[in-house]
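A.B. asks: Input: one structure, supplied below.
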Amino acid sequence: MLRLPTVFRQMRPVSRVLAPHLTRAYAKDVKFGADARALMLRGVDLLADAVAVTMGPKGRTVIIEQSWGSPKVTKDGVTVAKSIDLKDKYKNIGAKLVQDVANNTNEEAGDGTTTATVLARSIAKEGFEKISKGANPVEIRRGVMLAVDAVIAELKKQSKPVTTPEEIAQVATISANGDKEIGNIISDAMKKVGRKGVITVKDGKTLNDELEIIEGMKFDRGYISPYFINTSKGQKCEFQDAYVLLSEKKISSVQSIVPALEIANAHRKPLVIIAEDVDGEALSTLVLNRLKVGLQVVAVKAPGFGDNRKNQLKDMAIATGGAVFGEEGLTLNLEDVQPHDLGKVGEVIVTKDDAMLLEGKGDKAQIEKRIQEIIEQLDVTTSEYEKEKLNERLAKLSDGVAVLKVGGTSDVEVNEKKDRVTDALNATRAAAEEGIVLGGGCALLRCIPALDSLTPANEDQKIGIEIIKRTLKIPAMTIAKNAGVEGSLIVEKIMQSSSEVGYDAMVGDFVNMVGKGIIDPTKVVRTALLDAAGVASLLTTAEVVVTEIPKEEKDPGMGAMGGMGGGMGGGMF
């Protein structure tokens, strides 16, 4: 049996090089009270100042350096907010919290990020000021949230539903910083594909903006062989009233497709084969029969990869009323194909790059059921890539897709415009959901009287309500300031005017806001205020901030350099 001293002697110190998990992590820096809040507020101010310059029709652009490519020029609040990363850890914490406000508003409403940022700054700033004078931060937060609930209820009362394409165009124009062309093109797109239809934004190839409406199921796979071309008008293959054979597997054997060809021939209908691939004997036989006998057939590779391909093929089967061969869990063999296994479409157009199936003859109830399945998946998924793919599939099964192609003279111009188009698109969707209120910050100003009827439980809650009263004036003041006029005077004049009057910063005059088309989606204004108040009032309750102290890296190269210099010197003489 070992005695205690012997045990101690046998224990060896473990090298930290050999066991890096035993090394100490970064040391922490802790700041308390007013010092921590003051530093965080400077970060909030820096970010909010950078974002606020973009607000309103006379707002300026922000140029952001990028690690690759040319600098980005934008007027999009959330893009500016995301680009800011401060060196000082405490300032950065303040900036990041307001960045979260902009991100949340962008994800929920798709617009209003600049409004959310300036509101958050105002609430945080006023909150810090009152707390430093001895107010209770928890009660202030309660007062703030009480006031916000009252404002949201008042916004819902003010809200009017969007009914006409003109109103949709007005919402889009305001969100795109007064660009009427963008407003009109978005209104046209919504007219064509419906308010719930899918509208995508892409880079255009020309100087002008273009709108393309894609009806039916279009996917980016063309014919496998150019020998399938059957028309002299362009390099494409066109069929009317055709059968569709869908296969998840590769088709190489000619025996497997003969039954489908015989069915198509017996019914005197063309056949479209969509499979993982068609090659070898099967492809050469199809091409030979196409050229020699005039067989009406075209082979196309299935779109997508993995699960996405399976889902798209299943969508096609439901839309055309057919079945997918080679699908897991089903024992369907290509050799046993029956007429009811083939999909039916009114028209097919296949080019070298893409294929389009129009007027699918699928069961309407089955299509509707599939659409509902995709909508449910959309609600659950958090991945942006998944959402994009699900939206594409949804569009193909419903009213089709509108593609907005944004034109311009350079990449920088196109990217700046694309940001505005995306914002405008999100704003119109939000307007269709919850209706519209007065724009230019007026809707929030008109909610101030509703706060007078609130009864706070104590003096600190009353301070919270007063903070929101002053904060509601900030968006209108910022828009006026960016237009080069005194914000507080403008706000005072709006408050004294009748309820539908506001300030048009573009022309510098007081106008009937609805009549002039200066309107905002209710959802955007509501989300901006709710997100700003939630995060900023929580920020004011902070008493301690903990950050990491970065380790100072020693430069390993300097000693070697000195020695090298000495050696070189010796060699020279």
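Note: Cβ is positioned from N, Cα and C throughout, glycine not excepted.
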A.B. asks: Which residue of Gly197, Gly204, Gly440 does Swiss-Prot report at the same ATP site as Lys75, Asp111, Gly112, Thr113, Thr114, Thr115, Asp520?
C.D. replies: Gly440
A.B. asks: For the recorded positions listed here (Ser67, Thr113, Thr114, Thr115, Ser488), which one has the lowest count of neighbouring CB atoms within 10 Å of its own CB?
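C.D. replies: Ranked by other Cβ atoms within 10 Å, the recorded positions Ser67, Thr113, Thr114, Thr115, Ser488 bottom out at Ser67.
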A.B. asks: Using CB atoms and a 10 A radius, I'd like the single residue among the binding-site residues Asp111, Asp520 with the highest neighbour count.
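C.D. replies: Result of the Cβ crowding comparison: Asp111.
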A.B. asks: In Å, how long is the longest CA to CA span across Lys75, Asp111, Gly112, Thr113, Thr114, Thr115, Gly440, Asp520, which the record gives as the ATP binders?
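C.D. replies: Maximum Cα-Cα distance: 17 Å.
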A.B. asks: Round to the nearest Å and give the CA-to-CA distance linking Ser410 (phosphoserine) with Lys130 (N6-acetyllysine).
C.D. replies: 49
A.B. asks: Give me the Cα-Cα distance between Lys75 (ATP binding site) and Lys481 (N6-succinyllysine), rounded to a whole Å.
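C.D. replies: With distance taken Cα to Cα, Lys481 (N6-succinyllysine) is 16 Å from Lys75 (ATP binding site).
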